[in-house]
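Sharing a structure below in structure tokens format, with a few things to ask.
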């Protein structure tokens, strides 16, 4: 009889995985909110998920890896799916649809191998976070001198801004579709950007009516906001209510936009697992939407299998091939994953527990990227079936894709235009929020800023949203201008890739940083080969774009000077990691000085 209560207690303990970790230090006075921010960390101790041991042998040798458990795998599931959202952002979807429309099924094999390369990079990022207990931006702050650290931070912020512009504009396009064109692009940007303000406003309402949540830090943060910001937030709620009214009158489907725009950060306040569940719903929404489109259009199964198994690359599809590979590695996502894995309470000093976490994260990330690959596959094959070999193939993009789908496949019980819009909205909203997360970790890690979470979210969001609003107003004149903008943003992303990959590989191969979890020589060679391949491919995209777009002597001179500085910094990063001989950089510097003299 006594076994029954014990078994029920174990189940309750496993179900409530968000447990507060108990401190082993002597009792001390209750810290004030300001004292809690003395050290910048990815997740506070009370936010981390305690992985409950399913056996009673917690005191066994910490160097021994515990046996596999499905329940533990479930507790580790989450960070990989948040990471996989970067593989499904609007920029990737545009690359998928253009690859399908222009190259047909012939680049599916490249999409598969690009996803595998992306998986390798993300597993290395997770390895750094778990083995060291710190994320990549924090480690870069300690690894590099101040000037190099600031350059890396600046480049990471640029990459994040470029990615966020694509994501927010993708959401704005979806809102435009779902509102029957009533809302212009800039209004969609404002809706997507105002999630934080609505979250703060809603929380003030909750506090006013006596509703509380278990988050002392968040309540104090919100109560400390100036009245003028509260007024702006209240105005944001009125804007959302007005938009709901417009779309109700016009029979639109945009009510989900209002809900999506503030629910993320609100749920985060209730724990990491709740937030991960919301993103799981968004990924499921994308999967169902694009799978529905796949089922409606009925692409050729034989062509699909041939595209996956037989490598084909024509001279007319090189640009699309480069785009497929370039969209997979997102610089900010490399920083993000190393921080997300720290949401689980893992002691980096216990080798067995670290290896156990790495095993579970490898399984979880592989499943997450398999799901993202299937979604990208659905989008590519839908547009390959509908538009490959047609006159619309060369002009199709994210802005007019919904219109072309409607013209090709018509309406029905649930028009394909709105299925596309819902999937695109889920992609844009989810990737925007993960981008905000990445911005917080990047800024906090590189600069060691001790700020409240809401303040970091506001600062990092403003860095991306303000340029996005300007861009939306300027480039909303035509579809062609938005396509040009997207090309520039892809180039911006390509430029930043070495500044995430090279520091990652530098750290993951250093025994002083990784200890026994330093990668072996074989994996190191494979990782550097993959990184070099990705950098060369994106370099080709950059070169091709510069040749086509650079006009004028002055602009060309600026590009040449910038390119020289860019290459020099990459050479410095490579020499710092020890791949090149230690004397190589100094001899190169002397030669440059001699040439200058």
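The backbone N, Cα and C atoms fix where each Cβ goes, and this holds for glycine too.
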Among 1-41, 42-82, where does TrEMBL put the label region 'Disordered'?
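TrEMBL lists region 'Disordered' for residues 1-41.
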According to TrEMBL, which of these ranges is transmembrane segment: 144-162, 277-295?
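The range carrying the transmembrane segment annotation in TrEMBL is 277-295.
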What range among 345-366, 367-388, 477-498 does TrEMBL record as transmembrane segment?
367-388
State the residue range annotated as transmembrane segment by TrEMBL; the candidates are 433-451, 509-527.
433-451
Of 323-343, 554-574, which range does TrEMBL call transmembrane segment?
554-574
Restricting to CB pairs under 8 Å, which listed stretch, 367-388, 409-427, 433-451, 528-548, 554-574, is in contact most with the transmembrane segment (169-189)?
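Highest pair count goes to 409-427.
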Thinking of Cβ pairs under 8 Å, which stretch from 102-125, 409-427, 433-451, 528-548, 554-574 has the most of them with the transmembrane segment (367-388)?
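Out of the listed stretches, 102-125 contacts the transmembrane segment (367-388) most.
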